[in-house]
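Asker: Residues or ranges marked as substrate binding site in Swiss-Prot (evidence: similarity to another entry): HIS88, ARG158, ASP274, ASN275. The ATP binding site annotation in Swiss-Prot covers TRP357, GLY455, ALA456, ASN459 and rests on similarity to another entry.
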Amino acid sequence: MFLGLDLSTQQLKGVVIDESLNVHQEVAVDFDRDLSDYNTIKGVYRNGYEVFAPVCMWLDAIDLLFERLKASVDVSKIQAISGAGQQHASVFLLKGSKKALNSLDAKSSLKQQLESLIHPTSPNWQDASTTKECEELESCIGGAKALADLTGSKAHLRFTGPQIKRFRRLHPETYENTERIALVSNFLASVLLQTEAPLDISDVCGMNLWDIQNEKFDIRLLEEVAGNSKGPDLANKLGTVEINGAKHLGPIGKYFVKKYGFSPNCQIIPLTGDNPATILSLPLRPGKDVLLSLGTSTTALMATQNYVCSPEYHMFAHPVTQNHYMVMLCYKNGSLAREQVRNTINEKYNVSDNTSWDRFNESILNPNIKGAGEKKQLGLFYPQREILPAVGPGTWRFAIQGTELYQVDKDEESWDYPDEDASAIVESQNLDIRMRITPLLTGIPQPDRVYVVGGASRNEAIVFKISQVLGCDVYRLKHGGSNACAVGGAIKAAYAMNGKGFTFEEYVNKSWDESKKIELIMNKPSAQTYEEYGKLLPFLKKAEDIAIQQSDIRH
């Protein structure tokens, strides 16, 4: 058996699979519910533009998850562990932490032994406090395009490089006392190994520091973040990067063997970022298929053999296959924005369960209610500062009449508020995805398939609109779809143990029984429907330009 872990914003999840890559067990720790003493809301604390999480909460979650895992499966049969962490977030391990990891005692908790040697908080991917640092990072390298060409992305507020620079400015003494700066992925791997684990080849691409094609940290960027002549010191704090995503880093630490019953031969395989792990959960055909992860954020993922960068999207090294890449579009306002619309609709109709999606879905699926596309409406809903497009926070509603685009207010007679917000937000979100992924496809005008994972993949109305707007069949994992990231991590572990002589794609296809693994949940629409949505794309671009002009936020 193989274990995949996913240390995400709101939960730590674990998925156990067998040699045939079938899911056997799923366990989870919900931070707000199971570790309520930390008083997080959706896994984080907020202070203006700052969004961060308590690192000790993650340590407690590891212990609790393994307690639950031990009670549900024979963990001694787990041959290898891999997985993922939320991308970009940094963990500052202070001097003495390596020694403490080496000597963990199974009679005490992880938190009790490591708390004093870790900076208390880690910035979350939703953090938007590094505008100044992003501008400085782009300036030192020649602009957003130059930085994207080098590192795969323009400077982003959540990326680790800008976050480290801000941390050094705000906490100079702690920075100097830092022994290791880890990403969540190799922090979790370090805990499991009880020694410092290297950074992962794919996850390191989310730092704005890594020269992807030459596979090394760029000294100019290190100098900008660490200060003049301090680049080598920062490189030492970051440590090495493991190029081989299937590398056996070593056996699991004695703490986990004694406390939970893991085999001392259980291997730890490099953990990667949550998005790179997610693409490993499905056999995506490069340039043909799209994976939509519908979680707190919305991410569109594609595999590709071509290194073609743009400030409009992210390019990462593939987590397993060398000389292959992963393209990612990331939207901060995913499920949280849709939930706000849902809540407003539920309040209008006095729905007792405010978490119910029934009224929201009816507003989209009811044949007597015209969808936003039919009424030629667009809605941009950004309760948080958005990444794509760089705008917000704010809400913008638009109506299309002939060749003209008009900004409208929710109280105008032409807009049935809040019911029509449901179609507007779902259709506009997917129109933006369509607009940005089409140039990345190889030899086809629209995707062959879209795979959906994450919580909203179970929502019929949302999936229906994805199919209509993107113009293709929509598929979902039969098992583990809500935990696709952890599933991908488990498959990564299985490949590391059993995939010798095969590429990752060959290994997965060898074990992949499509009839058992995935299900077709929505058929592609008519060509006419797809074309009608295509006519809205120029108006969406205009709407986003208007929102950018009206927003004073530079992202």
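Note that Cβ sites are derived from N, Cα and C of the backbone, with glycine treated the same way.
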Asker: Indicate the candidate from ASN275, ASN459 with the smallest number of other Cβ atoms within 10 Å of its Cβ, considering only these binding-site residues.
Answerer: ASN459
Asker: Tally every other Cβ atom lying within 10 Å of the Cβ atom of ALA456 (ATP binding site).
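Answerer: Step by step: centre on the Cβ of ALA456 (ATP binding site), count other Cβ atoms within 10 Å, giving 23.
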Asker: According to DSSP, does ARG158 (substrate binding site) sit in a helix, a strand, or coil?
Answerer: coil
Asker: What other residues of the same chain, not counting HIS88, ARG158, ASP274, ASN275, have a CB atom within 8 A of the CB centroid of the substrate site?
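Answerer: For the substrate site, the extra neighbours are GLN86, GLN87, ALA89, TRP125, GLY206, GLY273, CYS330.
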Asker: Ten-angstrom check, please: count other Cβ atoms within 10 Å of the Cβ of TRP357 (ATP binding site), all chains counted.
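Answerer: Its Cβ shell of radius 10 Å holds 21 other Cβ atoms.
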Asker: How many whole Å apart are the CA atoms of TRP357 (ATP binding site) and ASN275 (substrate binding site)?
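Answerer: Cα of TRP357 (ATP binding site) to Cα of ASN275 (substrate binding site) measures 26 Å after rounding.
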Asker: Cα-Cα, whole number of Å: GLY455 (ATP binding site) versus HIS88 (substrate binding site)?
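Answerer: A Cα-Cα distance of 22 Å.
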Asker: For ASP274 (substrate binding site), write down the residues of its own chain that are at least 6 apart in sequence and whose Cβ falls under 8 Å from its Cβ; none is a fine answer.
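Answerer: Sequence-distant Cβ neighbours: ASP6, SER8, ALA84, GLY85, GLN86, GLN87, CYS485.
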Asker: Restricting to the record's substrate-binding residues (HIS88, ARG158, ASP274, ASN275), give me the longest CA-CA distance in Å as a whole number.
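Answerer: Result: 15 Å between the two most distant Cα atoms.
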Asker: Between HIS88 (substrate binding site) and ASN459 (ATP binding site), what C-alpha distance do you get in Å?
Answerer: 29
